[in-house]
Amino acid sequence: MATYLEFIQQNEERDGVRFSWNVWPSSRLEATRMVVPLACLLTPLKERPDLPPVQYEPVLCSRPTCKAILNPLCQVDYRAKLWACNFCFQRNQFPPAYAGISEVNQPAELMPQFSTIEYMIQRGARSPLIFLYVVDTCLEEDDLQALKESLQMSLSLLPPDALVGLITFGRMVQVHELSCEGISKSYVFRGTKDLTAKQIQEMLGLTKSAMPVQQARPAQPQEQPFVSSRFLQPIHKIDMNLTDLLGELQRDPWPVTQGKRPLRSTGVALSIAVGLLEGTFPNTGARIMLFTGGPPTQGPGMVVGDELKTPIRSWHDIEKDNARFMKKATKHYEMLANRTATNGHCIDIYACALDQTGLLEMKCCPNLTGGHMVMGDSFNTSLFKQTFQRIFSKDFNGDFRMAFGATLDVKTSRELKIAGAIGPCVSLNVKGPCVSENELGVGGTSQWKICGLDPSSTLGIYFEVVNQHNAPVPQGGRGAIQFVTQYQHSSTQKRIRVTTIARNWADAQSQLRHIEAAFDQEAAAVLMARLGVFRAESEEGPDVLRWLDRQLIRLCQKFGQYNKEDPTSFRLSDSFSLYPQFMFHLRRSPFLQVFNNSPDESSYYRHHFARQDLTQSLIMIQPILYSYSFHGPPEPVLLDSSSILADRILLMDTFFQIVIYLGETIAQWRKAGYQDMPEYENFKHLLQAPLDDAQEILQARFPMPRYINTEHGGSQARFLLSKVNPSQTHNNLYAWGQETGAPILTDDVSLQVFMDHLKKLAVSSAS
C-alpha cells in the first residue's frame, strides 16, 4: 500500500496531478461500475523551484488533428532522427536543431524526470500587465480612507512598466484620465444606462485606433500610447499623480436620504471597464479589480432597490421565486464575464460590507475568468488589507504569483475521451475525436480558457473509457494524457507548460484488487465533491445530497467486503476507509448546506472550493483539529465532540476560519490569571502555542482566514460545535459516562449513525 501512496505523492509533487484511479479499468462498462469517474485534479502552474524553463520552442506532432508535444513516452529512432507520437502514432522528423541527439545526449523533454517541462517562447511582441481599479465611492468615510491607503500601497508593489487605470462609481461612473500634467479630468457616465462596447469606445475616443475585432492580437507597442494613454498609463510615469488622485477621492456627493441605500452603479462601472479593455488590449494579460462596499442599487445589474425596508434576497426568497432582480442581474454579469473571458482578461471582486453585496449575481465574473473573490466586513480590517497585499506576493524568482490569458489543451490516447472540466475556466468549444458526448462539468471541448491563474489554481478534469466491454484495452498497455498550458507569465513572457502522464490498464474482472489498491480516496472525494457542488448550482439541494448518497452506497457495494444482509460483516480496505467520512462531512459543509448562510456566502465558499488544490479542498470538506495539552506536544485529533475536553485547547482550521477554543478548565485558569504567575510558566507557554501555530497559517493562506478566539460557553464556540461530528448529543449524553467531551445540542446524525445506515444499505439486496 505504501508504494502506491508514495507513487501518488511523487506524481503530485512532480506533475501537479492527482487521479481518482491510478490503474485504469480497460472497458467503458467496467469504468462506469467503478462509480467514481476516472478523473484528475490538475494544478497547471504548480510551483517547481527545481524546474527552470527551457529557452526553446516545443516540437509538435506533424499530424494537423493531433499536434501533441514531444515527451518521454514517445518512441525515438536516434539513427534515423525520427520520433513516433504516442497519441496518434504519426512518425515525425526531428527539426535540424536536434541533429546531435543520441541515447546518451537526449534533450530534456525526452528524459523521464521531465514528464513536466516548461518552454519559454521568445517570438511575438510583449505586452505589459494591466491593472484597472474600479472603486466604489459610496463607502463610509473610514472605510473609503482605508481602501484608498490599500490602493496607494498596491501601486508600489506593481512592476514599473505595468499599465494602470482608474474608474470610480457611485450614482455616476467616472473614467479618470491619467496624465502627467497633474490636472484631474474624467469622463462621466450615467449609472442607469447600459452601453454597448462600441458606444463606450466612441465616447472615450478609442475608436480611431481600436483594432478590427477579427484581429485577435495585442495592440502593437507603437499603437498603445495613442489608443489608451489617457486612461491606462505606465505606473513609473504617473505614480505620484495617481497616488495624489487616490488620496483626493471623495465620497459620492449625491445625498442619501434616511431609510434609503446609496445609489450604486456597479453594473455600468464594470461594463465600462470591460469595454475599455476590450477596445484597447484584447488578448493581453489584464485584471479588472472591483472594490465594492454594498449591493448595486440602480441601472443594469442592480440586485436590490434603494429602499432599506426591502431586504436583499435570501435563500428563502430565491426558493419562493421572490427575488425580482436576480435573473436579470445575473444575465448582465454573465454577459460581461463571457466578454471578459473572450478577451483574456480577468475580474477580481473585493466586497467588504456587513450586509450582502450581490456576490451571488456577480460570481460568474471571477468564476469564469479566474479572478479572485474576497469577502469581508470592512476595508478597514487586517483581513482585507493583508489578503489584498498577498495578491502581489512574489515567488522564489521574484516574479508575481499570477499568470494571464492561459489556454489548457488536453490530449488523450485513443482509449480515452474527455468529458469536461470543473474550475475557473470557460470552454473554447474545440471539438475533436477525443471529446466525449457525455458532459461532466464544462464539457464538449478539449480546450479551456483560464484568464487568471496562480500556482494553486486547480481544475478537476473528467474522462471516460472508450472501449466496449467485448473489446477491452489489451492487457499490459498504458493510457496517456497530455496537458498543455499556454500562458502569459507575470514577466510578460509567453510560456508553455507541458505535463504528460501514463497509467496502466487492467482488467476489472481478474485484477479488481489491483485497481482497488491504486484508488486515491482523497482525490476521489474532492472530484466527487466538485461534481456535487457543480450540480448544486442548478439543482435542488436535497437532490444533490441524494445523488451523493447513491454514489457512496454503490461504491461500498462494489468495493466493500461483506456477507449479504449482515451489516456487522461490512469492511472497507485501507484505500477506501476514509472516503465515507469525507462524504459525511461534505454533506454537512457550507458548499451543499445553505441553511444559516446567505446566498453571497454560499457563492463565496463555492468559488474557492472550485479552484483550490487538493490539500486545501480537503481542509474545506473536513476541517483539521489539533489538541494542545500538558500531556505532550500538539497532536491532530478526531473532528468529533469527544475531542472537546475541559483541560485541552483546540485549534480548528476550516480554511475560511481559524478557531482557537479553550476548554472549560483552561478558560477558568486563564480568567484567574495563572499565566501571569512565574510558577505557572508552562501554562503561559500552553496558551501561546496555538496562537503561534494559528499565526503561521494566517501568514500563508490566501484569502486570509477569519480568526476566532473563543472558549467553553463563548458565543463564538458555535463555529467549532457546528463542524465537529456530534457523537455526543443531549440525547445520548448519559450513556457515555462522565469525562468524555462536550454534548452538542443538535438533531444532526453522527458519523456513527451515518456509517451504520450506510452499512445496512450496502449489504441489503434490495438497494
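Including glycine, each Cβ sits where the backbone N, Cα and C put it.
Taking LYS494, LYS564 one by one, Swiss-Prot attaches N6-acetyllysine to LYS564. Non-local contacts of CYS61 (Zn(2+) binding site) by the CB criterion (under 8 A, 6+ apart in sequence, same chain) comprise LYS67, ALA68, ILE69, LEU70, CYS85, PHE87, CYS88, GLN90, ASN92. You'll find the Cα of LYS564 (N6-acetyllysine) roughly 49 Å from the Cα of CYS66 (Zn(2+) binding site). Of all the binding-site residues listed (CYS66, CYS85, CYS88), CYS85 sits in the most crowded Cβ setting, with the most other Cβ atoms within 10 Å.
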